[in-house]
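*Asks:* Below is a structure I'd like to ask you about.
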Amino acid sequence: MSEPTHVIDIRSDTVSLPSEAMRQVMAAAEVGDDVYREDPTCIKLEETAAALVGKEAAVYVCSGTMGNLLACMVYGAQPMTEIIIGQKAHVMRFERGGINLLGHASTYQIPNDADGKLPLESIREVLSQPPDIHRTLARAVFLENTYNGHVLPHSYVQQVRQLCDEVRDRKVALHCDGARLWNAAIAQNLTMKEVSEPFDSVQCCLSKGLGAPIGGFLAGTKEFVDMARQFRKMIGGGMRQAGIVAAAGLYAMEHNFLRLREDHDNAKLMVRLLQEGLAGYTNNVTIFPTETNIFFMEFARSVSKETFLAECKKQNILVSPFNPKGVRIVLNINVTTEDARHAAKVIIEVLQNLSQ
């Protein structure tokens, strides 16, 4: 079998490209003005998404960041709101501070465990504090699922839900930053409705593993979504003939959800091949697998991350830097099993050469 000669991009699942079938659906989409609620394809996407995650309603958004921001704005609409969130959550570190700047909420940041969980005792401690004139009031808890490829166990999420429900003097909502919630569902053999059930609101991306070129949705109660839709307009997120891109999202949900298991399997394959091929180099390279389509590699000081990335790129393998010591590898819809095998082979050769 000949080796691939095309570029194999494993930097992220955001680099996924729409298929020809998806492009045809987009070209044929029935459209209208979505701000006037006249785009039938957008309406269908929102109804489909809401049913999929078991919520009353959903609103189509340009990006996952917008979906999370709208949730922050809805929950922060009450004065003196505090949101409990992970210190290393994507919302905190990679969404330009929108939770504070536009969400008008203060944050109580809890250090994440390595797998993304927030310690239950830490959440309980914050929620159990009585109202006090000196403090803001926690009105929402934000969880991220998946977190750096790690799945939050469904039993853990249910425990957080129970902690929120135990607060007697106010309602405390539970929000899911579910950019890759699809992957969490696949990894746990759950439906999207089951994995979303404990949450009051759920944000999901359509443009990562599912392969749509743009967009996502925010789902919750009808009242919540109505307010989110108004905030969406405020920040410039109201689109006109958006059915063209919504059609891609509908296609992605219908055709590309269950195939995420292929990405998970390809990630496991790469991890196994790398562990076997680098067995004699464990002092220089450490591999950190997850349950989904993402894994990480960290290098000893003797291995230059920048040189590694450059050498891989020379051989048409694109890998993403992740932290000062390592890289992130993300399998996606455009990477076949053959591609995964070839990428592992190249990475092994590059690291063996750099370790000499």
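Placement of Cβ uses the backbone N, Cα and C atoms for every residue, glycine included.
TrEMBL annotations: computationally assigned, not manually curated.
Sequence annotations record features per position, and here TrEMBL assigns domain 'Aromatic amino acid beta-eliminating lyase/threonine aldolase' to 9-276. The N6-(pyridoxal phosphate)lysine annotation in TrEMBL covers K208.
Can you tell me where each of these features sits in this structure?
*Replies:* DSSP gives K208 (N6-(pyridoxal phosphate)lysine) a coil state; it is part of no helix or strand.
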*Asks:* If one looks at the chain holding K208 (N6-(pyridoxal phosphate)lysine), which residues at least 6 apart in sequence have a CB under 8 angstroms from its CB?
*Replies:* S12, D13, T14, S16, G64, A179, R180, N332
*Asks:* Averaged over the domain 'Aromatic amino acid beta-eliminating lyase/threonine aldolase' (9-276), what pLDDT does the prediction give?
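*Replies:* Looking only at the domain 'Aromatic amino acid beta-eliminating lyase/threonine aldolase' (9-276), pLDDT averages out to 96.
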